[in-house]
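Asks: I'd like to ask you about the structure that follows.
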Amino acid sequence: MEHRPDADLEELCPVCGDKVSGYHYGLLTCESCKGFFKRTVQNNKKYICAEKQQCTVDKSLRKRCPFCRFQKCLLVGMRLEAVRVDRMRGGRNKFGPMYKRDRALKQQRKTLMQTSGFRRELSSPLCSSSYQRDLAFTGDLQPDPFLHSIPLPTAQNDQTGHQCPSMCSLLPFNPLSATQYQFTSFSNWTIKLEHTNNCVSPLGSAAGIYMNSDELYSNTPQGPRIPQLVMEFLRCDPDELQLRNKTIARLKQEQTGWNKHRNPSTFSLMCLMADQTLFSIVEWARTSIFFKQLTVNDQMRLLHSCWSELLLLDIISRQVLYGREGSLLLVTGQEVELSDVASHAGPTLASLIQRGQELVDKLSMLKVDRQEFACIKFLILFDPDVKELEDHRFIEGVQEQVEETLLEYTLCTSSQYFGRFAHLLLCLSDLRALSSLTEDYLYCRYQSADVPCSSLLIEMLHAKRS
DNA sequence: CTAGCCTTGACC
DNA sequence: GGTCAAGGCTAG
């Protein structure tokens with residue numbers, strides 16, 4: 001891809017939307033906002049807003065309210081300290097390397113977006129309808145002995161009884177809606193959602209997610225410098241052993257009702273495991289950075305939109321990280337031979353398993369690690385294309401931030417392999433296509449009354465179709 | 001006061 | 001010597 005040095009200038013000024021003339025005081029802005037910011041800081045100007053400090057700042061209205069204009073300059077990340085106290089002209093300041101890095105990142109992202117077709121509208125060409133119709137739905141994974149023959153492992157730290165609440169009740173009412181926050185400090189991270197006039201930020205993104213530049217990376221003495229946000233994602237990640245124990249406890253509880261009649265089908269067991277995994281996914285999201293700042297409505301919309309992608313990623317990442325070739329590692333810790341699974345599945349399910357396995361192979365070849373899976377989960381969750389979001393801008397900002405973080409991480413850990421990020425995005429496209437097919441399949445099974453009732457899985461299946 | 005253009009000078 | 005983000009200048 002050819003590099004055009006003036007490609008930056010195609011962007012719009014984050015303050016007023018005018019044409020960008022270059023990097024000024026920390027980020028790409030237009031000439032007039034550069035001048036305005038300089039005059040304001042150099043002359044220590046104090047403005048007053050005649051309205052409610054919420055004036056629109058765009059190219060035509062930027063002169064109307066300097067107070068709101070300056071607030072917006074700070075909000076988008078213009079740096080006070082880039083204005084020189086001594087007024088010395090020319091030369092370079094400490095932000096030089098930052099501008100350089102930002103240029104490289106922007107260029108790389110642009111290239112990757114163009115080449116990988118990452119955006120959802122460009123991906124998933126096989127989604128649902130046409131492809132699904134070609135695969136005749138033929139029903140069941142036969143109730144076969146291979147799963148039942150493996151004793152359920154013993155749960156450690158046994159969990160107490162299970163309830164099956166709906167997702168809404170799992171997401172507690174959030175007393176402060178996102179837009180009501182001024183600042184929400186979280187670890188080293190600050191998510192800024194309203195105007196404020198003192199922030200520290202290198203290259204603030206549109207959502208206003210700010211970090212202290214000294215705290216961008218973890219300080220591991222050996223090995224690659226891991227971006228701090230990746231460490232935060234890892235911290236949010238659920239513990240595999242806990243999930244295993246919860247699932248086993250749930251299955252054992254369900255088991256008490258089985259013996260009276262006959263064993264449930266393998267498919268029903270799989271649904272129960274998926275259902276329990278969904279609970280853990282909701283719990284993960286609910287307690288995760290950024291997500292817990294959203295309104296409950298937005299939380300529900302995001303989860304209803306991406307549950308199957310997260311569910312599949314959970315299964316697939318387990319195979320990549322802990323699995324053995326030729327076998328399927330279940331969330332319970334049980335291992336079943338893939339050939340057994342495939343031979344008992346109908347053609348639709350067999351084809352889904354086949355495609356899933358191909359994705360596992362791809363990701364295994366890439367040696368995708370826990371850090372990358374953790375980032376990908378956030379990429380999936382914060383999907384700005386979801387309809388009717390209340391805080392679309394914030395969600396879009398998180399998405400951009402996570403993309404940048406994942407790109408940085410891949411460059412840190414495998415600089416010799418430049419296309420890693422693009423490969424990961426391509427795998428994500430595959431995952432999206434596959435999850436859509438899987439949803440269709442599950443919905444068919446649900447309509448045939450094959451999916452066990454009163455489960456989160458069913459709530460999710462309904463959500464997108466209602 | 002605004003904003004477009006000019007000058008400067010450290011860094012590559 | 002070229003680049004480009006600082007500060008400076010000035011008509012409107």
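Cβ coordinates are placed from backbone N, Cα and C, and glycine is handled just like the others.
What TrEMBL says about a protein is an automatic prediction, not a curated fact.
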Asks: Taking TrEMBL at its word that A:GLY346, A:PRO347, A:THR348, A:LEU349 bind phospholipid derivative, choose the one of A:TYR409, A:TYR441, A:TYR443 listed for that site.
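Replies: Between A:TYR409, A:TYR441, A:TYR443, TrEMBL records just one in the phospholipid derivative site with A:GLY346, A:PRO347, A:THR348, A:LEU349, namely A:TYR441.
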Asks: Could you please provide the mean pLDDT value for the domain 'Nuclear receptor' (A:10-85)?
Replies: 90
Asks: For each of A:GLY346, A:PRO347, count the other CB atoms within 10 A of its CB; which of these binding-site residues has the top count?
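Replies: That would be A:GLY346, with the highest Cβ count within 10 Å.
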Asks: What residue among the binding-site residues A:THR348, A:LEU349, A:TYR441 has the most other CB atoms lying within 10 A of its CB?
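Replies: Comparing the binding-site residues A:THR348, A:LEU349, A:TYR441, the most crowded Cβ belongs to A:LEU349.
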